[in-house]
Amino acid sequence: MEPVDPSLDPWNHPGSQPTTPCTKCYCKRCCFHCQWCFTTKGLGISYGRKKRRQRHRTPQSSQVHQNSLPKQPLSQARGDPTGPKESKKEVESKAKTDPCA
């Protein structure tokens with residue numbers, strides 16, 4: 001370690017701050033600019049206050065609109081439960097006459 005002048009404040013020690021100011025750029029070079037840039041830009045960690053988003057309240061008129069919409073039919077099970085069904089004999093005969101097998 002290099003000897004440091006005791007009369008200097010810790011934040012004014014040589015090498016404690018980069019010569020160029022921090023920017024809003026998120027390129028690789030700027031993300032590794034200093035420790036603050038690395039934690040906020042590179043890692044995405046910020047300890048500032050988070051703004052709470054306010055929900056947009058729906059006016060009363062839109063609630064009436066919801067009631068006027070026709071209700072969708074309930075989703076049915078996949079497949080066709082009432083579709084045509086082949087008998088086992090027909091399937092077996094097709095399997096025997098299949099030239100690809």
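Every residue gets a Cβ built from N, Cα and C, even glycine.
Cβ atoms under 8 Å from those of the region 'Interaction with human CREBBP' (1-24) belong to residues 30, 33-34, 36-37 of the same chain, restricted to positions at least 6 beyond its ends. Under the heading region 'Interaction with human CREBBP', Swiss-Prot lists 1-24, citing sequence analysis as support.
Annotation comment: Swiss-Prot describes Trp11 as site 'Essential for Tat translocation through the endosomal membrane', evidence class sequence analysis.
In the predicted model, residues of the region 'Cysteine-rich' (22-37) average a pLDDT of 89. Taken from Swiss-Prot, the feature region 'Cysteine-rich' covers 22-37, and the record attributes it to sequence analysis.
The Cβ of Cys34 (Zn(2+) 1 binding site) lies under 8 Å from the Cβ of Gln17, Pro18, Cys22, each of which sits 6+ residues away along the same chain. Summarising the annotation, Swiss-Prot assigns Zn(2+) 1 binding site to Cys22, His33, Cys34, Cys37.
Per Swiss-Prot, region 'Disordered' is recorded for 48-101.
Residues or ranges marked as region 'Interaction with the host capping enzyme RNGTT' in Swiss-Prot: 49-86.
Take the CB of Arg52 (asymmetric dimethylarginine) and look out to 10 A: across all protein chains shown you find 6 other CB atoms. Reduced to three states, the DSSP call for Arg52 (asymmetric dimethylarginine) is coil. Summarising the annotation, Swiss-Prot assigns asymmetric dimethylarginine to Arg52 (among others) and lists sequence analysis as the type of evidence.
What Swiss-Prot lists as asymmetric dimethylarginine is Arg53 (among others), and the listing cites sequence analysis. Within its own chain, Arg53 (asymmetric dimethylarginine) has no residue 6 or more apart in sequence whose C-beta sits under 8 angstroms from its own.
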> Looking only at the region 'Cysteine-rich' (22-37), what are its DSSP counts of helix, strand and coil residues?
Replying inline: 7 helix, 0 strand, 9 coil
>> On a simple 10 Å Cβ count over all chains shown, which one of the binding-site residues Cys22, Cys37 is most densely packed?
In response: Cys37
